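Scroll down for the structure; my scribbles are underneath it.
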Amino acid sequence: MTRETSMPKHDKNKSAIPSKMADRIEHAILDSRRIFISDAVDSGSASEIIRKLWYLELTDPGKPILFVINSPGGAVDSGFAIWDQIKMITSPVTTLVTGLAASMGSILSLCASPGRRFATPHSRIMIHQPLLSGVIKGQATDLEIQAKEMLKTRNGLIEIYVQATGKNFAAIEKAIDRDTWMTAQEALEFGLLDKVINSFEEIEST
C-alpha cells in the first residue's frame with residue numbers, strides 16, 4: 001500500500017514543444033544548475049531528480065543548485081528519497097516555490113540550505129497529514145502494522161515541520177489535522193519560507 005501526501009492527481013498533457021527543442025531547453029536548464037519538479041512526486045519524478053542532483057554534484061561539487069517546485073505532492077517514500085539525496089550532496093540547495101507546493105511538495109520546499117527557502121508572491125502552500133491510497137485489505141494484525149507505519153510517517157513529517165518552523169509538535173499536529181492552505185506571505189509568517197521574492201536577483205543577493 002502506497003503512502004501518499006498528495007492532492008488529487010490530474011492528467012498529464014503531452015508537451016507542445018518539439019522533442020529536439022525540448023532537449024535543448026532541458027540541457028540549458030540543467031547546465032544552469034536548475035532542477036524542476038512540476039508534477040506529482042512519484043518514483044519516476046524522484047528518479048529523474050536524483051539523477052540530475054548527482055550529475056550536478058559529480059560535475060561541479062559544492063556549487064549551488066536551484067530546486068524549483070510546483071507540485072501537488074505525492075508518494076512519501078519518493079519524496080523522502082529526494083530529500084535524503086539533497087542532504088547527502090555537498091552542493092547547497094535553494095528551493096523556490098512557484099505556483100503550488102502542496103503536501104509532499106511542501107516538505108520538499110523545506111530541504112533547502114539554511115535561509116534558502118523562497119517562493120514567488122502568488123504561490124500557495126498546503127500542509128496536511130499523509131493519506132492512504134487504495135483499498136485497505138488484510139488480516140487484523142496486518143492492518144495494525146499498517147496503522148503503526150502510518151503513524152510513524154505522520155510523526156516524521158511533523159518533526160520536519162517542527163524543525164523548519166520552530167513551532168512545537170502540538171501546534172504542527174493541529175495545523176496538519178486538515179488541509180491547511182497558505183499564501184506565500186502566510187507561509188512566510190508560519191515559518192515555512194525565508195523570503196517571498198519577485199526576481200532571481202533576490203535569490204542571488206541573499
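Just so you know, the numbers here start at 1 and follow the chain as drawn.
Cβ from N, Cα, C; glycine included.
What Swiss-Prot records for SER103 is active site, nucleophile. In this structure, SER103 (active site, nucleophile) belongs to neither helix nor strand by DSSP; it is coil.
Per Swiss-Prot, active site is recorded for HIS128, and the stated evidence type is sequence analysis. Other Cβ atoms within 10 Å of the Cβ of HIS128 (active site), summed over all protein chains shown, number 20.
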Length of the line joining the Cα atoms of HIS128 (active site) and SER103 (active site, nucleophile), in Å:
6
